[in-house]
Amino acid sequence: MNTIYALASARGKAGVAVLRLSGPGSHAAVAGLCGPLPEPRRASLRRLVKDGVELDQALVILFPEGESFTGEAAAELHLHGSLAVVQAVMQALAGEHGLRLAEPGEFTRRALENGKLDLAQVEGLADLIEAETEAQRRQALRVLSGAIGRRAEEWREKLIRAAALIEATIDFADEDVPVDVAPEVLALGHAVLADLRREALGGRAAERIRDGFEVAIIGAPNAGKSTLLNALAGREAAITSEIAGTTRDVIEVRMDIRGLAVTLLDTAGLRETEDQVERIGIDRALSRARMADLRVFLISDEALPGIEPEDGDILIRGKADLGGGGVSGKTGQGIAELIEEIGTRLLERSASAGVITRERHRLAIERAIEAMESAMSEVEKGTARAELAAAELRIALRALEALVGRVDVENLLDEIFSSFCIGK
Amino acid sequence: MKHLDVIVIGGGHAGAEAAAAAARLGARTALVTLRADAIGVMSCNPAIGGLGKGHLVREIDALDGVMGRAADAAGIQFRLLNRRKGPAVQGPRAQADRKLYRLEMQRLLAAEENLTVVEGEVVDLRMEGQAVTGVVLQDGSEISARSVILTAGTFLNGIIHIGDQRQQGGRMGDHPSVPLAQKLAALDLPRGRLKTGTPPRLSGRSIDWASLEMQPGDDVPVLFSFLNRAPIARQISCGITHTNEATHDIVRANLGRSAMYGGHIEGVGPRYCPSIEDKVVRFADKTSHQVFLEPEGLDDDTVYPNGISTSLPAEVQESYVRSIAGLQNVVILQPGYAIEYDYFDPRSLRPTLELKSIEGLFFAGQINGTTGYEEAAAQGLVAGLNAAARALGRDPIHFSRSDSYIGVMLDDLLTRGVSEPYRMFTSRAEFRLALRADNADQRLTPKGIALGCVREDRRIAFAAKLDLMEQAHAALQARQLSSRDLAGTGITVRQDGARRSGFDLLSFGEEARETVESLFPDFAALPAEIREQVAIDALYAQYLHRQEQDARLLQREEETRLPTDFDYPAMPGLSKELALKLARLRPDTLAQAARIEGMTPAALTLLLAHVRKARRNAASA
Ligand SMILES: Cc1cc2nc3c(=O)[nH]c(=O)nc-3n(C[C@H](O)[C@H](O)[C@H](O)COP(=O)(O)OP(=O)(O)OC[C@H]3O[C@@H](n4cnc5c(N)ncnc54)[C@H](O)[C@@H]3O)c2cc1C
């Protein structure tokens, strides 16, 4: 049984972040960071150190087997709630043998399997799950559109092709398939490998910049979005950068709201149009707005085509200076409250998104790199080890599942049958 | 009226294996088939085994089934496919003498104590509510039984096509099974049409063998059964020839007259068994395709040209075949044809192959959307064991993706259904390195012994083998060598201070074999096949170790059964889409549910929670 860990508290610049570990190796892993262990069930202050570098001063609590939430030996680390600290400690744990990041819902599942969850609580699981699936859907959508999505699609095609070539020489060996597929497999594999390595390197540095929520401001062209955006950015928050899109579709403003990195998106005015170019701009703005974590709808008398508020979105009247309540970029009325509201809603959602996902992706990419490297070296050793190359490639594909989507044997067979004339 | 435990309808490859398995488990069994002398007929190519398929035959044999033994008795050319690749992907294959195969199969079935063969056509099923209680034969007689297995192959509403001619038939020379097909239609099970094809049969005397390249069998034949060591029948070679541009031109010019291309067939055919028409159309830039000329028997003039199945009119077949080198004067004994038939959506089945909606009725073989003798036989085995278990009041018998290709096939069929005839490939098995043809006995024979479907002779042979395997491992672990000990032996290891056992050293591959044997004389003294097997285990050891965790998780999920009456739409927390899918597919186990598209870890947890709750409620009720 693996030992798993995950951030148990909502992320963000809260006072405390709780990291939870569960499984047979959990106590040893904690000992690896803090030295002598405290007595079970006793909160104690410890310095967490990895490779001589102090990561944080944390409260450490150990739970013996049978007396934890999951029923397994478990531990909790109460860290200072900064992203950097949480990240550093999670990375330290990731390097431990036998430890891995928990799958979504895995703590609960272990609790259930060990008979630790009161079955009356089961119904309560439902809400949690609903939230989680919604977050996952959004997550998947975001990964699979945009730049990383396009790259993932390329990886997917190359990996399927590479795996199919190897499988073809295995499963159709006595038929008319090219005998030496190695050059093509190596070319495909190394191309993906180079991309993955770049991603893994760039990933960490870029993470902090990219890591953040997107909030779209939506309204008809004259609803007062731009003044509102300026007001939001100018008064309560620090603008970290301002990028005007090359097209006029989307303007981004990055700011910090209650410790969360937030990108405000000013979408192009939404209206019916005959103009081709404007239509494209509006479509793009719409899809961007749909994928944002939160939408602020500025309501005016004009109807908005093409987008509906979802549960949890903010609806508010703009141009409050003209009377009738709401928010006004011109006078500042309601701005502080709006920022407060955005912060609250994002913090609520942050529990299942953010660091964990990114961390998960980074680990997945690292695992994939390792497997791809072995796969390439097996391919170089010749066809006698084709099944081992295939096994490594499969491990890589499974690791990348969250990024490239699931690749299963049907995809490989499709590729084989469309490229080779096979069959006696 | 006769009362029995198990009735098997159909004496094809699924039926024969099913009947033998049920009888071995101790069930009084009847095999009802159209013609007793057609039991074990190979409808298409005269060969057993191959990649993935050979694995299935070994697994059947490990459970003391009949296919492997019949194939060994009838084999006239044995070849281990992928001999130069890793052992996990090597598959035994044999070309079989059709007649010898049929006769051996009939002999093996006749030797089964609890088995009787009944000649006749089943025209109806006896039902009591939603449970089957027996069968009705064409002459009006009835047989009752607790379990019934249907293995009607390509016979249900079978239609044979040659060019634009069509006729009813279960395969060439046999009537289709129409009355039963009509009765089955009334059961309202989801079904569809599939098709497959077969090449023309040629007269060997009219082939110019001298001009052809010949392919002999392996010097050291590898057999199917763990009980056999050497072939019995005389061994022969096959011829190899190729189609050419002229062949393709003839096919191309007549495409409109092909049953498949003239739009006469609605069924879907297998992509991996393309007809010559398919090959010429889909791979237009290929100017030549390989054709194997396989004799169908030692005293049979018929030759099976592997690679040119077709549904063109007979006269076109003659002209394209005669355009091929070595076949200029060939005589066609029987034209090639395509056959269309009914199959049932296997997602209606439980992992025992019993229908979810009708108690006691099991489906096996081609009617479940598969193709191939081995796939049919493997399902027959599963259905036979489970039909007997049901009749005898015993627990169902399950197979897992992590213990066998049989388990992989069942799971694929039951969770995905089929969109084209399903065939086994090694790439379908994610635990391929563990599920090997060489270790099928170690994976499954203990299970068979526990079930009681393995006979004395095999039990003894297996125990002896295990004993030798243990000796081999003990011999290899007897000494742990450092890198210094190994200096000058020809094996170079990292200077990491680690000490390595003989087993560790074997993982270095073929090159290390000789050195290990000289360093560990007790190991070297053991029989070659034992040393071979241990070396294979060593080669894959680190991978097997890495996969163990996955395998265990899978097994746990496979063992968690989902109640058939779960009200998914009423479960709070499941998305509507997922709830509907679950309600429609009714997965039997958590493992099946996990493979449903769109399933999330969280939703699985929820299902597990409900299973627990249902169990607790049942316990306290
Ligand atoms: C033309 C053709 C081409 C093929 N090509 C290939 C190929 O290229 N590759 C490949 O792998 N496989 C091929 N096959 C398939 C292979 O033959 C089958 O997969 C295999 O035989 C299926 O076994 P089975 O036991 O399910 O059915 P079958 O072998 O078809 O056996 C069915 C049995 O049921 C009996 N039966 C049917 N109805 C009744 C009834 N009402 N009452 C009593 N008995 C009944 C029949 O007499 C027969 O004995 C082909 C088959 C045909 C006919």
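Positions of Cβ are set from backbone N, Cα and C atoms, glycine also.
Because the structure is a prediction, the values reported are computed rather than measured.
FAD is bound by B:Gly10, B:Gly11, B:Gly12, B:His13, B:Ala14, B:Gly15, B:Val122, B:Ser177 in TrEMBL, and the record lists one more residue there from B:Gln328, B:Gln334, B:Gln366, which is B:Gln366.
Proximity of the binding-site residues (B:Gly12, B:Lys279, B:Val281, B:Phe283, B:Gln366) to ligand 1: a Cβ under 6 Å from the molecule is found for B:Gly12, B:Gln366. DSSP gives B:Val281 (NAD(+) binding site) a helix state. Listed binding-site residues (B:Ala14, B:Cys273, B:Lys279, B:Phe283) with a CB under 8 Å from any chain A CB: B:Cys273, B:Lys279, B:Phe283. Around the Cβ of B:Gly10 (FAD binding site), a 10 Å sphere holds 31 further Cβ atoms from the protein chains shown. If you compare every pair of Cα atoms in B:Gly10, B:Gly11, B:Gly12, B:His13, B:Ala14, B:Gly15, B:Val122, B:Ser177, B:Gln366, the residues listed for FAD, the longest distance is 18 angstrom.
Under the DSSP three-state reduction, B:Gly12 (FAD binding site) is assigned to coil, being neither helix nor strand. Reported as a whole number, the C-alpha separation between B:Lys279 (NAD(+) binding site) and B:Gly10 (FAD binding site) equals 33 Å. Spacing of B:Gly12 (FAD binding site) relative to B:Phe283 (NAD(+) binding site) is 34 Å (Cα to Cα, whole number). The binding-site residues considered are B:Ala14, B:Val122, B:Cys273, B:Val281; of these, B:Val281 has the fewest other C-beta atoms within 10 angstroms of its C-beta.
Rounded to a whole number, the distance between the Cα atoms of B:Gln366 (FAD binding site) and B:Ser275 (NAD(+) binding site) is 19 Å.
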